[in-house]
Structure formats: structure tokens, C-alpha cells
Amino acid sequence: MKQPTTRTTAQPGAVRKAFSSPLASVLVIAVTVLWTIPTVGLLVTSLRPKADVASSGWWEVFVHPNLGFENYHAVLFEGGFGNSAGLMPFLVNSVAIAVPATVFPLVLAAMAAYALAWVRFRGSDAVFFVIFALQVVPLQMALIPLLQLFSGGAHLGSVTILPALDLRGTYAPVWLAHTAFALPLAIFLLHNFIAQLPRDLMEAAIVDGASHFKIFRSIVLPLCAPALASFAIFQFLWVWNDLLVALTFAGGTPEVAPMTARLAQMAGSTGQRWELLTAGAFLSLIIPLAVFFALQRYFVRGLLAGSVKG
Amino acid sequence: MPTDLVLANSAWTDATIKFGNSAGAVAGFVGILLVIFFAAGRAGGRFTRPLAITVMLGPAVLLLGIGLVVPLVRTVYLSFYNDDSTRFLGGANFGWALTTSHIQEVLLTTLLWLLIAPLAATGLGLLLALLVDRMRGQAVYKSLIFMPMAVSLVGASIIWKFVYEARDPSQPQVGLLSRVVIALGWEHPPNWILSQPLNTFLLMVVMVWVQTGFAMVVLSAAIKAIPDEITEAARLDGATGIRLFRSVTVPMIRTTIVVVLTTVMITTLKAFDIIRTMTGGNFGTQVLANEMYSQSFEQYNTGRGSALAVILFLAVLPLVAYNIIQLRKERTVR
């Protein structure tokens, strides 16, 4: 039995020690407070009655507490901006967009990553690098052609390759766009993980006569559950928070547009009603914040997989 | 009360139908895959490998082709045409972009964003990463500073719009920033969002607010990965404080710093939500990503919009090339 060395693990880094002082603590606390205050202000404002919001700053609430959930009811079901019917349909759209737009790319990327890592073929490295490079295509570049493709189909001369799909008023274009845009990063991250699975395990399964499909389903998927989970959170937040894809492929109508699109409209419209806008904004934060605080560890792991190499 | 109930009822019906569609799509997708997997799994012999490659890689490659590769080529093509893509213009759209004074301003503002926001977020993130690790309750501080990452840029913009709200000094203040500077003795603070060029910097603050937590978390992980032996040895050689930081910590995490800078830069370059929500690009705050959107989708000039998208792409290209070079280096090391 080897004795574990206690010295290195127990001792904190000297740099960190050098930086730690009461002054450092004060600085960190100050930044944390600064970082949190704007969100607290939003939350407090969203709970105050309309008259209070218009006539005094939210910090007054500590002197005259007067809070309730009326704004939330108003903004969800009554609208209050023009003749719209409230945020409820948009909130529903956000969920209805985000869940499939998380599942689709995750499954497709896992399959592709497995094929690139374990069913290797000539040129699979090249395919992998091309996919990696596609990460950097700005979405802005893909929007117009993709929109034209959905509305007009694809033609080569007079030959129709793909007929025009009438997808207006459905979620399909948004799902498709999110799936395509998410694939490069998803394949890259999952490939890194799947390629590291033990070779012996894979070979043993093949010797036992399992097909690639069976290996994928019964070995790869369960083993890379942590990686799938971290990417799923990442993708969910990304889709939930997206504005650009939503504006382009879903417009701003209650049928398909998500919260972000409606909120951006509300924020831009004149004659601001802060009590409603802040309640709406906080509604759009609740789900991502809940996901974030509940699954923070996985989320961070997902981030690190992409940015700290080695 | 009755009207409320009716509204709520229709809202729930609406929700049920929409969630049904969404769940149906997921179920259908998974179902089709299961059938294909079952069928393809039965096929044996020499078709096994090609079949596996086609079925597993095919959908992703097809979608990437349709969603990214073809659009990329097509945008470059469109950028040489007029507003409804019927007349070839040569480089006129690019000429327009580089010579119009409005677009020049936009490019300058974009450049300012690229230089300042990523550096500020990364710098502050690095400082916090160094300071926070030794503190008690560091998880709480880290979570709170990291929290804006979970907030949409639209949500963040509304939060900050509220901070920057300005009113006549004689009236009770609603915006936090005005309230604070008035309390500090500045009697007539400006209308923040309307004052140029101050407003551009105030919008950058929002981006820094969102991205600093990301930089902090990633850099803190990198600092923790530095072997203690190295810092110990440097300390025995007499290095302390700032010097230790400069000559040991920074070189050891240089790669990570560059990766963080690149990531924040790409986000900054592509993000248009903040400007769209807070000023709509008015008052001299417009950036390339938003200008591209309004050219294409509000003024319906596909050619000019595409040309701006190409310029955006060319601006990201060096960052990408750098990342690929790094990745290949790592692959050869492994």
C-alpha cells in the first residue's frame, strides 16, 4: 500500500494565498452584490403595484413593503400591450420549442459522434474537422437562404430538388434551424467523450455479435449519460434564450413565437409599463434560473468540456 | 372574474394542443429512429458497416449541409446581387458597406465592442477567479456571479434598461443609476441611453455582466489545474504576489485565457439581442449583427444584408483559424 501524499492536496495554491486578504474579500463581495442587485431590482419591481412602480424606485419597498402577484396575472393572461392576449401563449411556445430543439440535436449528434469515433472509415477525420469548423459560421449567414429554402424549396435550373414546404405557423422551421445550428458543437463535445470509452469494451461487444446499433443503444448511450446531460442543459438554455432564430423563423405571433421575441417587442414599444415588462422578464428567467441552480454542476462541466482543453 | 376564467381556459387549451404537438414530434422522432435501428440492426454481412455509417452519420451530415453549408455558399452568392436577387451587382454591396458613413460608424462601433467587452469580461473574470477560491462560501459567490449566464440577453437587457431608466431630476427616480449618482451629488445626470457615445459603453456593461461569470468559472478551473509544485518552487525562489501571478500563473493558463477571449469575442460579434432590445440600434449604438438583420428583414435588401453577413464571417474567420490550429496541435500531442 502506498501512503497518500498529503502535502500538495491540502495546501492551497500560493498565488491564491498571496491574493487573499481582507481587501480581496471585500472586493469579491462588492462585485457579487453589484452582480446581483439588477436582478433583485427586477424581481422586486415585478411584485409591486402599478402605481408604486411609476412613482418611486424599487428600493422604497424596504421602507413601505407592498407586494403581490397581480402583475404576473395581468401580463400572463390580459396582455396590457396593445390588444395582445398576454404572455401565456408565448411561454407555452418557449417550452414547446425548447424541448424538441434539445432532444433532436442531442440524439443526432450522439449518433454521428459514435459513427465518427468507432465506425471509422476513410475520411472520417476530415469529416470531423469540417464539422468542427462549421461552428464558426455566424447564424446570420444561414438565415436568409434557410428561410428561402423553407418558403421556396430548392431548385437546380428547372429541376425541383426539394419542394417548397409550407411550414409557416408551425414550430418545424424553428426546430430544424436550432437542430442544424447546434450540431457542430454537440458533435464535437460528444465525440471527445465517446472516443474515450474503453476500447476493450467495444471490441468485446463486437465479438459477442452485437451490431453497431445495439452497441450504441445499450453501451454508448448509458455510459455517456453525464455528457449528454451537460450538453442537454447547455442546449436547453441556449434555445430558451435565443432571439435571432426565433425572430427569423417564428416571427412575433402568439402561434409560434417564444417569450424572448415578445419581450423584445414589449421592451421596444413606447409608453412603457414597467410593472408588466419586469413581470414578463422575470417569467422568462424563472425556468432557466431553476434549471441553472438545480443542475449547475453539469452545466459548468458542459462549459468546461468546450473551453478548458486537456 | 368570469372573463378571467374564460381566458385562462382558452390558454390551457392552447397549451395542451401545443405541448401535444411538441411531444408528438419528439415521440415520432424517437419512434422512427427505433424502427430504423431495429431494421438496420437485423441486416447482416458486408452491409453492416456502410449501413451503420449511413444511418448514424447521415442525418447529421444532411442537416448540416442544408442548415449551414448550403446557406453559407448561398449567402456569399446573394451578397453579389441586388435587393431581390435578380440582378448581379459585382462588389457593389461591399462597396456600399465600406463607403456609406452610417455603415462605417456601425463597423467602428462593432470594433469597439470587440476590443473592450471581451477584454473587460476576461480581465474581471481572471481577477475574480484569483480572489474567490480562498474565500469561505465561494460556491455562493461563484453561483451569483455566474447566474447571468442563464439569463437571456433579452432578459438581461430589460434588467439593465431598468437600471438606466432616466427621469427629470425633479421627479422621483425609478432608475437605480440615476438615483445613485443624484445621491452622490450629481444634480443633473444625463439620459443614459440617449447620450452618445456613453450609451455604447453602458450597453457593453450588460455584455460584461453576462460574460464575466463564464470567464471566472473557466479560468478558475484552469488555475486549479496548475500543479502546486510549480507555484511552490517559484515561491522558494522568492516570487510573491503580483510577480508570482505574472511570471507563473498567467503563462500556465495562457491557452485558457485565449480560449475564453475567443469565445467571448465570438459571442460579442454575433450577439445582437442587447442592442435590439435596449435601443433598437438608434442613438449611435448600432452594431454589425443588428444592422445585418435590419437590412435583410426590415428593409428587405437581401443583397446588402448578405454582404454584411459575409463581412461578419470574415471577421470571425481568423478567430476560427486560430482555434483549429490549436486543436490540431493538441491532437498531435495526444
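Including glycine, each Cβ sits where the backbone N, Cα and C put it.
According to TrEMBL, the domain 'ABC transmembrane type-1' annotation covers B:107-325.
Here TrEMBL flags B:20-39 (among others) as transmembrane segment.
With a cut-off of 8 Å between Cβ atoms, the residues of this chain six or more beyond the transmembrane segment (B:51-73) that come close are 36-37, 40, 43, 313. What TrEMBL lists as transmembrane segment is B:51-73 (among others).
What TrEMBL records for B:111-132 (among others) is transmembrane segment.
The feature transmembrane segment is assigned by TrEMBL to B:144-163 (among others). Same-chain neighbours of the transmembrane segment (B:144-163): 128, 174-177, 193, 202, 205-206, 209-214, 216-217, 271, 273-274, 277-278, counting only residues six or more beyond its ends whose CB sits under 8 Å from a CB of the stretch.
Here TrEMBL flags B:201-223 (among others) as transmembrane segment.
What TrEMBL lists as transmembrane segment is B:244-266 (among others).
According to TrEMBL, the transmembrane segment annotation covers B:306-325 (among others).
Nonlocal intrachain contacts for the transmembrane segment (B:244-266), taken as residues 6+ away from its ends with a CB within less than 8 angstroms of a stretch CB, comprise 114, 117-119, 121-122, 125-126, 130, 211, 214-215, 218-219, 222-223, 226, 230-231, 234-235, 316, 319, 322-323, 326.
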